[in-house]
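Undergrad: Straight from Swiss-Prot, here's the annotation block:
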type	residues	note
TRANSMEM	5-25	transmembrane segment
TRANSMEM	27-47	transmembrane segment
TRANSMEM	63-83	transmembrane segment
TRANSMEM	132-152	transmembrane segment
TRANSMEM	170-190	transmembrane segment
TRANSMEM	253-273	transmembrane segment
TRANSMEM	283-303	transmembrane segment
TRANSMEM	327-347	transmembrane segment
TRANSMEM	356-376	transmembrane segment
TRANSMEM	379-399	transmembrane segment
TRANSMEM	484-504	transmembrane segment
TRANSMEM	524-544	transmembrane segment
Amino acid sequence: MAAQGFLLIASFLLILLVLAKPLGSGLARLIAAVPLPGVAGVERILWRTLGITDHEMNWRQYLLALLTLNLLGLGILFCLLFWQEWLPLNPQRLPGLSWDLALNTAVSFVTNTNWQAYSGESTLSYFSQMAGLTVQNFLSAATGIAVVFALIRAFTRQNVHTLGNAWQDLVRITLWILFPVALIIALFFIQQGVPQNLSAYQPITTLEGAKQLLPMGPVASQEAIKMLGTNGGGFFNANSSHPFENPTALTNLAQMLAIFLIPAALCFAFGEAAGDRRQGRALLWAMSFIFVVCVAVVMWAEVQGNPHLLAAGADSSVNMEGKEARFGVLASSLFAVVTTAASCGAVNAMHDSFTALGGMVPMWLMQIGEVVFGGVGSGLYGMLLFVLLAVFIAGLMIGRTPEYLGKKIDVREMKMTALAILVTPMLVLLGSALAMMTDAGRSAMLNPGPHGFSEVLYAVSSAANNNGSAFAGLSANSPFWNCLLAFCMFVGRFGVIIPVMAIAGSLVSKKVQPASQGTLATHGALFIGLLIGTVLLVGALTFIPALALGPVAEHFSLP
């Protein structure tokens, strides 16, 4: 089993790096505002048609453009969901959503969280899925990438005040990166058996003679961008454990690769844009190290399983509960770590059924800020926040003003960095405390004891860090939970983006200082270790007490 796990991890990472490297080169061209080959003429027509100028924006204008787009999308999506019954492509005549569920779902998909307090096949029409959720899957992913584009330009430019044109970046990211790659993935899914139609649900008779209604819909097109954009919201309630979303071992591998593809490519793009590819590789090494360790821990925990299974007469203690037999323990464990290391949230197994330690690792990966590869764009700018914190700590130790890529890191940057890093832990801890203190919060818990608390902690962690996966066991479709999690999702997304853009605006105006003998090298093994230690230290200090009350207590309660 150990050899199989090692081969699975190694082959996954090898294929990922082979695919991510060329995509990173394309992203680097977009960061430099250089059109991809053959599209310059098309872009000129698009800019004239859409009324987009070449005028570059400062950080406030860039941020305002992104916020305007996302708030407009939030309002439109809320209306689509609330008045769903009056809109076309609703063959099952599904009613509109309640105001609190519509708000929660709209915020969820606009913020790239894709938390779902509903069952897709029994709640949403095809129009809501296509014109509402799928559109936001593209736009939320493009928003995250645009933010990291602006931050990278802040490091590579000097003595200016502009970070690019947000509208041009959004169009280029959507048309030349997200759409073509998603199209290729969708066609592959269709070839593997994922439905793509607008047919009404199909009544069938099973082999046992029972009647069943099979849901249909444009699944493949939404599934592709769901994974590529690290969105994660399933067309069906069972998400990627549903055979119509994830029918084969090949689609399972393709989905995991799609989740990490753009986050890994952005590391390569960062190195190219910075003029030193070692900088991007250093971040990739740090992410990969944490990722491999986490996968190994989850695989070990799930293979060791639960001793209660043997006592109940099972043939093995290996924890197959909540997992698809066609994927098995190892592939399910790898998928769980991939989807929570990135801010995706898609699942091919029920995380609530993992062992205590096996479920704690995905929860902790979310709590450290989704920086181990992370979401498209958000993962890299989140890790760069920890880079700034790491160089600040190193500067304190050696008595020098901290700097990164030749840019001095001053008080303003550190204030914004601290603010951005503290946003999600505050949301998680205060939100979980509020839920446990109120009757409305506790009434949704279906399990008592440490596991029940773990379900609450996981839900708030998932929302605040824009992941979207769930432990289940929590009746979250209530006004209290819909509003609480919507608030956590919105602030967890834009409460980080705003200080990140402020950091970009401050850095872009600074001069690049030449390296000296006292300059800390930020591409070697020493800095990689310092960066990993910073991430682990912040995560440990912040969440160990809460984790001790949940999964740790549950683990030690086993015989």
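Cβ coordinates are placed from backbone N, Cα and C, and glycine is handled just like the others.
The structure displayed is predicted, hence computed values, not measured ones.
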Undergrad: Report yes or no: does the transmembrane segment (253-273) come within contact of the transmembrane segment (379-399), defined as 3 or more CB pairs under 8 Å with a sequence separation of 6 or more?
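TA: Yes, since the transmembrane segment (253-273) and the transmembrane segment (379-399) share at least 3 Cβ pairs closer than 8 Å, they count as touching.
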Undergrad: Which residues, given as numbers and ranges, are at least 6 beyond the ends of the transmembrane segment (63-83) yet have a Cβ under 8 Å from it?
TA: 57, 96-97, 99, 101-103, 105-107, 109-111, 124, 127-128, 131-133, 135-136, 139-140, 143, 146-147, 166-167, 170, 494, 497-498, 501
Undergrad: Hey, which bits of the same chain come close to the transmembrane segment (327-347), Cβ under 8 Å, at least six residues off its ends?
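TA: Counting only partners 6 or more residues beyond its ends, the transmembrane segment (327-347) has Cβ contacts under 8 Å with 1, 4-5, 8-9, 12, 112-115, 226-227, 230-234, 239-241, 249, 252, 255-256, 259-260, 263, 287, 290-291, 294-295, 298-299, 302-303, 318-320, 354, 358, 361-363, 365-366, 370, 372-375, 378-379, 462, 465-469.
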Undergrad: Tell me whether the transmembrane segment (5-25) sits in contact with the transmembrane segment (283-303), defined here as at least 3 Cβ pairs under 8 Å among residues 6 or more apart in sequence.
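TA: Yes, the transmembrane segment (5-25) and the transmembrane segment (283-303) are in contact.
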Undergrad: Check for me, if you would, whether the transmembrane segment (283-303) reaches the transmembrane segment (484-504) - at least 3 Cβ pairs under 8 Å, residues 6 or more apart in sequence.
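TA: The answer is no, given that the two segments have fewer than 3 Cβ pairs within the 8 Å cut-off.
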Undergrad: Between 27-47, 132-152, 379-399, who has the most Cβ pairs under 8 Å to the transmembrane segment (484-504)?
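TA: The stretch with the most close Cβ contacts to the transmembrane segment (484-504) is 132-152.
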